[in-house]
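Enquirer: Here you go, one structure.
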Amino acid sequence: MLAVLEEQAEKARSVLTPEVFDYYDAGSGDQLTRAESGAAWADYRFRPFPLRDVSAVDTASTALGVPVATPIAIAPSAFQRLAHPDGERATAAAAGQAGSLFVLSTRASLPIAEVAAAATGPWWFQVYVMRDRELTRRVVADAVTAGARALVLTGDTPYVGRKRQVRGTRIPLPDDHFLVNIAPHLAPGVDGRAAAAQDPSIGLETIDWLRREFGLPVLVKGVLRGDAADECLRAGAAGVIVSNHGGRQLDRAVPSAHALGDVVDAVAGRAPVYVDGGISCGLDVLTALALGAHGVLIGRPVLWALAAGGCQAVADTLSAMTDDLRHAMALTGVAGLDQINRSLLHH
């Protein structure tokens, strides 16, 4: 882990209430997946190319054809105002400052339009399909109107994972955080929290529904199997995100680092594959790219930076991660992302 990430995590622990820190930090169950996700990236070793010109190393990439300065993106994370008053507005602005992609959560704690106004770079909208399908449609429509360039359908969370309350208390989550993008679409007297609960009945047909309804590319997040990735693409997905939800849902789920290669092989170049889960330094990012990922997403490091120092700290984290990737690329003899492949790895 980069030293700056460790420092920000410690500062976040000191400024957040124990309940909020644990809400962001804890995994589900015995937290085995939470613990293994970061360590799994270090299971790979590098086979560097010697005598390569790496005097100028370029991390430029694309996000569904849109140029970005780095393959490191901000993952969707809920209720960011718990970490900092500027919440998602700060992380969206930081992504633009760093030349990164930003993914906004359905569970955002600020109005979608307000977050979009702060975003100077490309952003996607993560979709939880709620039990009230019309409510889902209206919330996603708000994101599309605000300028989302793609939709990220979360496919691994029919129910919320069971987490131990590390300090014995539950986080207080006021309605102005939880319902800020939902309440405007509720009929009088409707229980917003019940209506916004995830729909456990959704299937592959949801991909096509979102695509037809909104005319945007749909990526599926929460894919850990090659055959599942193939099913998603056949159903119309424009890409997949290998993810175990940060160890927050199914405990004992395979680490993303171990699932990525299988998914990339199954996709076979038909669509971009992204990955998240335990990525905390440039070596982790380089490993993911060498395994075939088009880009990576980071979650908790962004939240710690947000709590520690708001927008600027998040931008600094993205820049530090990108600088560390650039350094790792130079040491392995690659000067651009197009030169990275599995021949770099020994496993």
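The backbone N, Cα and C atoms fix where each Cβ goes, glycine too.
What TrEMBL says about a protein is an automatic prediction, not a curated fact.
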Enquirer: Please identify which of SER55, SER201, SER243, SER256 is recorded by TrEMBL as part of the FMN site containing PRO76, SER77, ALA78, SER105, GLN126, THR154, LYS221, GLY299, ARG300.
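Expert: TrEMBL lists PRO76, SER77, ALA78, SER105, GLN126, THR154, LYS221, GLY299, ARG300 binding FMN, and from SER55, SER201, SER243, SER256 it also lists SER243.
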Enquirer: Looking at the binding-site residues PRO76, ALA78, GLN126, LYS221, GLY299, whose Cα is closest in space to that of TYR23 (glyoxylate binding site)?
Expert: ALA78
Enquirer: When the pLDDT values for the domain 'FMN hydroxy acid dehydrogenase' (1-347) are averaged, what is the result?
Expert: 95
Enquirer: So of PRO76, GLY299, which of the binding-site residues has the fewest other Cβ atoms within 10 Å around its own Cβ?
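Expert: Each of the binding-site residues PRO76, GLY299 was scored; lowest Cβ tally within 10 Å is GLY299.
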Enquirer: State the count of C-beta atoms found within 10 angstroms of the C-beta of LYS221 (FMN binding site), not counting that atom itself.
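Expert: Around the Cβ of LYS221 (FMN binding site), 24 other Cβ atoms lie within 10 Å.
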Enquirer: Please report the three-state DSSP label of TYR128 (glyoxylate binding site).
Expert: coil
Enquirer: What whole-number Å value do you get for the CA-CA distance of ARG248 (glyoxylate binding site) and GLY299 (FMN binding site)?
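Expert: Taking the Cα atoms only, ARG248 (glyoxylate binding site) lies 12 Å from GLY299 (FMN binding site).
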